[in-house]
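Colleague: Attaching a single structure in structure tokens format; questions to follow.
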């Protein structure tokens with residue numbers, strides 16, 4: 001089977017946004033106009049095509065990024081193939097966003113025209129910057145009360161530090177929003193309400209907007225000619241680029257992430273979606289427009305690149321695992337190079353295991369079609385893989401490569417969970433392991449002392465949904481304890497410890513002496529180890545034992561048994577015995593050495609501090625600030641946003657549980673908040689004593 005669409009006609013993109021910016025609705029409209037959805041699914045009635053998990057339909061928020069393939073005929077009449085990845089906008093699911101950005105070539109950042117740039121917009125924007133993803137901006141909900149396109153443009157500059165190139169101006173706003181002005185063609189598009197947005201009329205720019213349109217077209221040209229010397233010189237001499245040249249420059253600047261073309265409309269009222277789809281074709285990259293993916297050659301350990309080409313060796317990245325009620329476990333993978341046939345054996349280079357591809361599926365939200373072959377640039381769902389988890393590389397066994405791994409954040413909240421009946425015990429273990437394979441930001445462990453099962457995640461909602469999925473998908477009923485904060489421990493001063501481990505009981509004994517300097521490690525690094533041994537006081541082959549010994553006790557600090565952060569250990573001296581010394585003896589010595597030293601090096605308890613943003617009507621500002629202060633919060637500042645006030649604060653996670661209920665009652669349900677993990681900070685001594693007493697009693 002030959003490739004049906006050329007790789008340059010592919011667009012792999014996602015839609016990223018703050019919760020409630022209308023992401024699912026926009027995706028729905030895209031699927032509707034590209035002919036895949038016959039009835040528009042509304043999030044309001046819980047029937048959106050992309051939101052296919054039950055909890056998503058109930059809660060009206062997108063949790064799992066579903067991949068969808070659809071097709072669109074561009075302005076030139078040529079059909080392009082779109083692979084769209086739906087990403088969640090709720091902060092507890094940033095891992096899903098990070099994961100999908102990793103495999104996208106471009107993205108549409110959605111803004112709510114009323115709220116502009118919101119906290120989660122900043123988060124996903126930063127993640128997209130990290131992966132250098134070209135982005136367009138769609139200012140959605142132009143029909144909403146308080147919609148302000150021009151303020152949104154300003155906020156992009158102020159809050160994201162990004163350059164938005166305005167491509168369209170809105171005609172009217174709020175309930176008077178009728179259509180848009182196209183600043184390249186210099187005409188107006190006005191949608192016909194009766195046609196469900198399928199038809200529009202191209203008319204002249206309204207007289208009262210001509211001047212504004214001229215001004216913004218000038219700004220558009222000024223920005224885009226900067227990336228091309230010849231165009232810049234011609235422009236300075238008074239020669240303007242023609243429309244095709246402008247589009248070419250916008251495309252180049254977008255792909256190089258120099259600026260971001262900005263459009264507007266209202267997906268819910270079906271206005272502005274088709275020009276956005278044309279813009280995806282015109283401005284977002286195909287797989288061959290972006291740099292070839294880099295990886296590590298397993299044989300030589302050198303860096304290699306894999307071009308987006310069917311004739312290159314196969315390489316693909318598994319970016320999502322999902323349980324499907326009909327097919328079982330599905331692995332979503334992006335093929336970067338080569339081609340894949342059903343039934344082929346591939347190598348998982350991270351796990352060093354071979355896997356056989358059983359079925360290969362092309363996904364449309366929650367319907368699917370079997371395919372025999374897939375090519376570079378495709379996003380496919382694979383059935384039958386046993387060992388593969390998120391972030392693994394699958395490739396040609398004869399040309400092994402490891403593509404860069406994704407980084408996953410450490411969980412900040414944990415709860416104890418118990419099955420309600422004996423019969424649920426085994427099923428619960430199975431369910432939790434399945435869910436952990438799907439979601440790397442969710443962890444499961446057993447508390448050694450109490451034997452309880454502990455689950456950890458990115459926030460209360462994240463864990464609620466895990467427990468909920470366990471009940472629905474695996475039919476396991478469980479009771480959950482109160483949420484626990486993921487505290488950490490560190491040391492605050494330098495300390496040198498000399499420790500000798502001796503054991504003599506007939507036969508070969510054990511002997512190892514180590515002298516280690518422990519000191520705080522600069523922020524950002526969990527643990528660093530260095531050996532300054534000269535003259536063989538500790539033989540080279542024993543030094544890994546010293547490092548391993550220290551690392552083995554970092555998981556349980558001296559104060560309350562929490563994992564330790566920010567420790568640097570330098571081995572400066574030691575002694576060994578020709579017969580009695582071994583790697584194990586040095587491991588035992590360094591372990592005991594660190595335990596002794598940790599108490600004397602000013603051990604300190606750390607807690608996760610969250611960045612909290614509250615958006616509240618002015619009447620409740622005093623109450624909100626007072627309440628945040630009572631939670632040990634530090635107010636970072638406040639600003640007006642329309643008629644609301646935005647309060648920024650840093651608050652310990654320990655004091656934020658059930659905050660949503662308090663905020664609702666305090667503001668009669670009118671205030672909202674978002675919360676992101678920001679950093680770890682020392683716990684005040686009075687609070688630290690309570691925590692130590694509580695946890696030491698449990699340990």
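We number each residue from 1, going along the chain as drawn.
Backbone N, Cα and C atoms are what each Cβ position is placed from, and that goes for glycine too.
Features from Swiss-Prot:
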- 8-288: domain 'tr-type G' (DOMAIN)
- 17-24, 86-90, 140-143: GTP binding site (BINDING)
Colleague: Which residues of the same chain, at least 6 positions away in sequence, have a Cβ lying under 8 Å from the Cβ of residue 142 (GTP binding site)?
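Modeller: In sequence order, 113, 149, 170, 173, 177, 264, 265, 266, 271, 272 meet the Cβ cut-off.
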Colleague: Determine the Cβ neighbour count for residue 87 (GTP binding site): the number of other Cβ atoms within 10 Å of its Cβ.
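Modeller: Result for residue 87 (GTP binding site): 27 other Cβ atoms within 10 Å.
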Colleague: What is the number of other Cβ atoms found within 10 Å of the Cβ of residue 17 (GTP binding site)?
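Modeller: The Cβ of residue 17 (GTP binding site) has 27 Cβ neighbours within 10 Å.
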Colleague: Looking only at the domain 'tr-type G' (8-288), what is the mean pLDDT?
Modeller: 82
